[in-house]
Every structure is written in structure tokens, then in C-alpha cells.
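K.L.:
Let me begin by handing over the structure; questions about it come next.
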Amino acid sequence: MSEFLQFVFSGLTVGAVYALVALGFTIIYNASSVVNFAQGEFVMLGGMATVFIFDAGVPIWGAAALAILLTATIGILLNKLAIEPARGASVVNLIIITIGASIFLRGLAQIVFDKQIHRFPAFSGDTPFNIAGATLLPQSIWVLFGAAAVFIGLYAFFTRTLMGKAVLATANNRLAARLVGINTNFIMALSFALSAAVGATAGVLVTPITLTSYDIGVMLALKGFAAAMLGGMGNPFGALVGGLLIGLIEATTAGYLSSDYKDAAAFIVILLTLFVMPQGLFGQKSMERV
Amino acid sequence: MLTRIPPRVRALLILSILILIAPMLFPSSFYYRIGTLIFINSIAVIGLVILIGYAGQISLGHAGFSGIGAYACALAPTHLGLPPFLSLILGAVISGLLAWFVGRPILRLKGHYLAVATLGLGMLISMVLNNEAQFTGGPDGMMVASLGLTKGLEGLFDVNLKTSVVWYWFAGVMVLLGAWIALNLYNSPTGRVLRSVHDSEIAAKTVGADVARYKLVAFVISAVYASIAGSMLALFNRFITPDIASFLHSVELVTMTVLGGAGSVLGGIAGATLLTALPQALTVFHEYEHVMLGLIMMLVMIFMRDGLLPTLRKTLTRRAIA
């Protein structure tokens, strides 16, 4: 039992990070129908920038805040320089543009930072808690509560503020949103900034546990993408559930079956889910207009 | 005069002339090697032109089929005692069967869902190749038997030949063969149905086309192309690592296909040429390689949405009219 609990803890920790990446996908997808494959790079940038700002002598909170701000700026630039000029391009083109952006950012990180593996100290030390025979790192609690806080914050933003509702309106129908006076270009920039900040937050929270380097983005983007798809693209609740599910599946597979195939289990579950439910767990059935 | 020739014959003519002329410009025999790599990538890309360009279905997992083809050539000669050439065919058959088996449920999905499903399929194949180290040597890769082309020719004609030169012509002929099949498919009944599926699946269904079956046909054909390309790469390099089945290789193949112009075989080959030759040229920039590659991918897709070749053709015809 304590063994199972241990897998649940580690699964939820990783799953929370996947959920944040998936949430980042969802925000951008809803505002622009673009699947941003550079999403994993935001997580990498958040972690790497924090490491380097922290090493320069800035206290950890300041370093984290600066890193998130920096990543949000990069998100805005990505939208301005690569996504906006390509409006109306086909899905395949957009996929290649964002994959190009992710390769570009990875190459840039490799030059600006370096190719080493980095970490910074955990926020509240490394002494683990003992819960029913299983250990839980204090940083894992930071990850879980951080993810929950981001999710609740975003939920409040989208449902309780005028700006959030403007984002939802733009997602729903861009032209109609423009007609009622919403500055859709600003909303797009805001979505990219938000999405990048969410990704960077995930990077800041998880780096003390999983460490970071310039090339961690690819796998995170794939898992986050898969999580978003599993939940049903465009549904924030689906992204959360999808992320946590994939984390749990991975952790239990690694624990009970084979750690070599922990990634495989996640993808098998996604394939099977899509075979039975082509729209994901919570996705809406889309109709094609003829 | 050139306009009198049917377009598919013209495309094949242009391709053969380019393959014939290129060696005259090679400063050293190293360029035969790059030429061969371009041809091998072109074969995989022609398959994707059929899937993406004709049928309008995306795949982010085709490198998986290349992996199957490559490891068939690495494993079958030692474990089954098959000669390398039959191993290539075995790989193609396995890839085709796998594509046929998983294609039906996967191809029901659309757009991004199809992307993630094919991505998952490619990831699974790549993980098996990485993890079954007792067979595949794991991430370190393994040696591959020789196809014996150079030895065979030398025995026949009593001459000394460079392996890269022999492979250049062999791969060149294979590209022509692959292009010929794809170009013939374009105007065949199957090709027409595929293109109608691209334009509108519902319209194709309305006029009675068995959409699911034809999408499956395109998927299987493109998987066989990818597998043959993977086999050839393994036999040419005499060494193979699981990187051939990686997500990044899948992305590379799709980028080549779309970069040159996904609708046409020649466009796909142009894309394969650019993206295969480019990293060789960029090694001069060492650490800026990734930055440049990402930049080029973004710029071409933003400013030449139809791909290099169609955009070029449009500009040229506009000039000719003006």
C-alpha cells in the first residue's frame, strides 16, 4: 500500500507539470486554433533562466519572477513575429512553424545558457515528509499547490474578469469579437504571454526535482500535447485531468511493470482512448460544415 | 516544346537530367555521399507527398516505419539468415502490414488528433528500438550487413569502384522509380479519389468514394516508402541507431515534404535536397546550426506558404506574363 502511495505521489507531481503544459496548449489553442509545439520550450526557459539569474546573485523568488516575466515576453514575441504573420496558413504549416520555433529556442538556449544539466535549491529544503510509509518531497507539494493555484487563478480570470471573457469571446468567434470592440490582436498577445508564463511557472516549480537542461522541452511538449488531446483539445478541465492521468499512468507503469516503457504506457492509453473517443475524454464533437 | 510533354513525363525527365548532371559539379567524392543521402530522404518524402499532398492526412510518426525498415535490414540477416535485399522487402512488408492494421482506427481521427495518434505510434516504435537492447543494441545502435552492391559490380566488370559512387546511382534509380509510381498514381482513379478526400472528405463520400479505404491505401503506401528509405539508409551507412525512428526525424520528413511544396513530387524532392544539404553547409556555423534550421523552417512557412517550388513557379510565370 505504501508502495502504491509512493507511485501516486510521484505520478501526481509529474502529472501536475504535464497538466500545466497542457493548460498552456489549451490557452493558445482556444485563442488562435494554433497548437504551439514550442510549449515545452517555455518550461525549459523558465527553469534555465531561473538557474542563471539565481546564480548571478538574485534571491530565488526574484529570479523565478524575472524568469517567468522573460518567458512571457518571449511568448509575446513568438506570437508577433511567427504566428501573426502566418495567419490563415494551413494546420500543417502552423505545426511546422511552431516546431521551427521550438528548435530555434532550443538552439538559442544552447548558446545563451549552456549544454549542462542544472538545478537550484528546493524552496523549502529537501527533508521529505513521511506519509503512511511513503515519502513526499516538500517541493512536490509546491508543484501540486502551484499547479492548483495556477488552475484556479486562470479559472477566475476567464470566468470573473472582463478581460478573461474577452479572450473567451475571441476564441469563440474572432470576427464577432472584433465587432463588439474587442482588440483581438491584444487578446492574442495576452494568450501567448499567459501560456508562456504558465509553462515557465511549471519549469520553476519542478526544476529542483527533475533538474533542467536546454533539451528537456521536446518530451514535455509531446506529453503535454498528448495530455491536452487525452482530455479533449481546448478544454482546460480536460487538460488538467489528462495531465494528471498521464503522470499517474507513467508512475504506476514504471513502478509495477517496467521503467523503460513508462513513456510507452502513456502513449498506448492515448491511442486507445482516441480509438474509442476520437474527441478525447471531455472534447466536444465537432461538425464539419459543407 | 516542353509544354507538349505530359507533366508527369516532364517531371521524370527533369529529375533524371538533374541526377545525371549533378555529379559533374561534385568537387570531391564526398558529395556522392550527400547526394545518396538526399535520394534516400527523397524516397521517404515521396511517400509523404502521397499521404500529405494527395490525401491531405498528416503523420508525425513516419520515422517509425523508417525505423522498422532499417532494423529489418540490421536484424534479419543475422537472426533469420535472410540476404540484405530480402530483408529490405521483409521490412517493407512488416511496415505495410502494421500501417494497414493500425491505419483504420487512426485515420478516423482528424487534424491535431490524427497528429497525436501518429506521433504516439512513432514514439512506441522508437521506444521498442531503444529498449530492446539485447536485439537492437539500444541507443548505441548496431552494425548492418553490406548489400554487396560494390563487390558484386566489381566482380562482374573487374573494376575498382567507390561505394559512395555506386550507391549514388543505385539510390538515384530508386528515386526515379519511386517518383514514377507516385506520378502515375496522381492521375489514376485512386489518385483522383485521394485528392478529392483532400479537398473535402464529405464531398468525396457523397459521390460514393470509400474514403476510409483510400486513406488507408495512402497510409500503407507512404509507410512502405518510409520503410524502404530506412532500409536503404541502414545498408548505406552500415550502421544504425534508434534516432532514425525518433520524433525529430518524423518532423524532419514532414518538414521536407511541406517545405518544397507538399502537392508535388518534385517539390518534395526539392525540400529533401534543401534540408539534407543544409545541415552539411551549416556545420560551418557549429553551434548556430539549430538556430538557423529553426529560423529557415519558420521563414519558409510564413513567407512561402505553398512551399519553395510552387512559390518559385508562381513568381516565374508572373514575370513571364509581365
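Quick reminder: no glycine exception, Cβ is built from N, Cα and C everywhere.
Curation plays no part in TrEMBL annotations; they are all automatic predictions.
Below are the features I grabbed from TrEMBL:
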type	residues	note
TRANSMEM	B:12-32	transmembrane segment
TRANSMEM	B:38-56	transmembrane segment
TRANSMEM	B:86-103	transmembrane segment
TRANSMEM	B:112-129	transmembrane segment
TRANSMEM	B:166-186	transmembrane segment
TRANSMEM	B:216-236	transmembrane segment
TRANSMEM	B:256-278	transmembrane segment
TRANSMEM	B:290-308	transmembrane segment
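A description of the local structural setting of each listed feature is requested, covering burial, neighbours and distances.
P.N.:
With a threshold of 8 Å between CB atoms, the same-chain residues lying at least 6 positions outside the transmembrane segment (B:12-32) that come near it are 5, 39, 162, 164-165, 167-168, 172, 175-176, 179-180, 183, 266, 269.
Note on the transmembrane segment (B:86-103): residues 65, 68-73, 75-77, 80, 121, 215-216, 219-220, 222-224, 226-228, 230-232, 235 of its chain, located 6 or more positions outside it, place their CB under 8 angstroms from a CB of the stretch.
Same-chain residues lying 6+ beyond the ends of the transmembrane segment (B:112-129) with a Cβ under 8 Å from its Cβ atoms: 57-65, 67-68, 71, 102, 106, 136, 242, 245-247, 250.
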K.L.:
Out of B:38-56, B:166-186, B:216-236, B:290-308, what stretch is closest in contact terms to the transmembrane segment (B:256-278), meaning most Cβ pairs under 8 angstroms?
P.N.:
B:38-56
K.L.:
Cβ pairs under 8 Å with the transmembrane segment (B:166-186): which stretch of B:38-56, B:216-236, B:290-308 has the most?
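P.N.:
Out of the listed stretches, B:38-56 contacts the transmembrane segment (B:166-186) most.
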K.L.:
How about long-range neighbours of the transmembrane segment (B:216-236): same chain, 6 or more residues beyond its ends, C-beta under 8 Å?
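P.N.:
That would be 36-37, 40-41, 43-44, 46-48, 50-51, 54-55, 57, 59, 62-63, 65-74, 84, 87-88, 91-92, 94-96, 98-100, 103-104, 106-107, 144-147, 167, 171, 174, 178, 185, 190, 194, 244, 253.
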